[in-house]
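Report on one structure; see the data block that follows.
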DNA sequence: TAGATTGTTAATCGATTAACAATC
DNA sequence: TAGATTGTTAATCGATTAACAATC
């Protein structure tokens with residue numbers, strides 16, 4: 001008990017962006033960076049960056065700034081990227097395959113164990129070294145392999161049903177690409193990628209822009 | 001000139017969710033709904049919902065609530081979904097194909113005209129009725145067809161270069177799936193889908209959950 | 001009319017920004 | 001040491017929630 005004061009979601013959602021820019025700096029062999037410079041890269045204010053980081057500890061040094069390698073490492077730890085997560089994908093259509101193929105996720109420790117689908121034409125196929133399995137075998141597979149993360153890339157009609165199976169089999173994190181809000185027990189975390197909502201937001205912004213142009 | 005007080009991004013990002021739930025109610029032939037009932041569906045407070053909607057007008061009626069069909073229609077208009085947008089996708093890998101295939105977007109007025117790729121094995125193929133074209137012909141195609149929206153599904157290494165071409169050819173809205181922050185002129189709107197950041201956020205939340213379980 | 005529920009104003013809460021003492 | 005830049009407190013800003021008069 002006694003978690004220290006909870007970090008706000010607004011802060012958490014900025015962390016991956018810091019991590020990404022730090023990674024790029026690391027690749028460019030840049031050793032140190034100030035909050036001011038990081039501000040110019042990310043678009044957040046220097047003050048906000050310092051506030052955000054100080055939720056997790058004092059990673060900087062007065063008069064110097066932040067050590068790029070160290071800060072990158074610390075952010076990786078904060079984001080939980082130092083450990084490996086066993087991951088499965090349900091729905092082996094184009095979207096599921098796109099995620100399975102994406103090298104960046106594997107690199108950060110998300111190990112794709114298998115895809116699952118209901119389509120007999122897909123079952124048995126291998127994408128690189130990842131097999132597409134019968135969704136009937138989903139629950140047993142999760143239990144046997146102690147899968148950490150389930151990715152839902154199915155049509156929305158079956159997404160809740162799949163989520164229920166994932167939760168029942170012991171999965172604690174769901175990455176949901178179906179355009180629905182899943183109902184899950186409180187001890188399971190869900191992160192939604194609602195492409196519909198994203199596209200509609202773009203549509204709103206475009207409409208506003210065109211309206212303003214007319215004036 | 002003189003746009004009325006700008007609506008905050010927080011509000012805008014809730015609109016698509018209202019729109020989605022209203023659409024579901026419409027399918028279920030439900031005629032009216034109160035902010036309280038909408039609150040139970042969406043998880044936002046009734047007060048917030050009324051505040052949000054009143055940014056755009058008084059769509060409700062005291063003592064009655066909101067007419068589902070009317071509110072759905074109005075939200076569609078606010079989101080700019082009443083008109084058709086000519087859309088192209090750059091990058092015809094799994095992700096690009098997934099988006100091209102998604103019926104929901106076409107249904108809401110996003111007309112997919114073509115995909116573009118650099119891979120000779122893909123060029124010339126047809127996905128349903130959408131052709132994959134040579135990325136060399138991208139700029140001419142956009143100008144000739146007056147394309148509204150460009151979707152970037154390329155590797156991050158070429159995403160900025162593609163964005164530059166889109167902007168130069170007159171596109172005013174970009175839906176970006178590459179894990180980068182594109183630099184574009186101020187009169188172009190960009191909506192990012194940063195899958196990396198989404199997955200890392202899930203990773204953070206999972207890590208926190210596991211940590212709390214240990215206590 | 002009485003009951004219900006909105007639209008809107010006021011109060012609260014939380015997040016961002018500014019400022020500066022601490023310190024490398 | 002002097003200059004730079006953090007960590008942190010205080011001030012500001014904006015978003016959410018509460019409350020209630022208006023009104024269907």
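Placed from the backbone N, Cα and C atoms, the Cβ positions cover glycine too.
All TrEMBL annotations are machine predictions without curation.
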(request) Quick one: sort out which of A:17-56, A:57-96 is the DNA-binding region according to TrEMBL. (result) A:17-56
(request) Please report the number of other Cβ atoms within 10 Å of the Cβ of residue A:95 (NAD(+) binding site). (result) 25
(message) In the three-state scheme derived from DSSP, which category covers residue A:92 (NAD(+) binding site)?
(response) coil
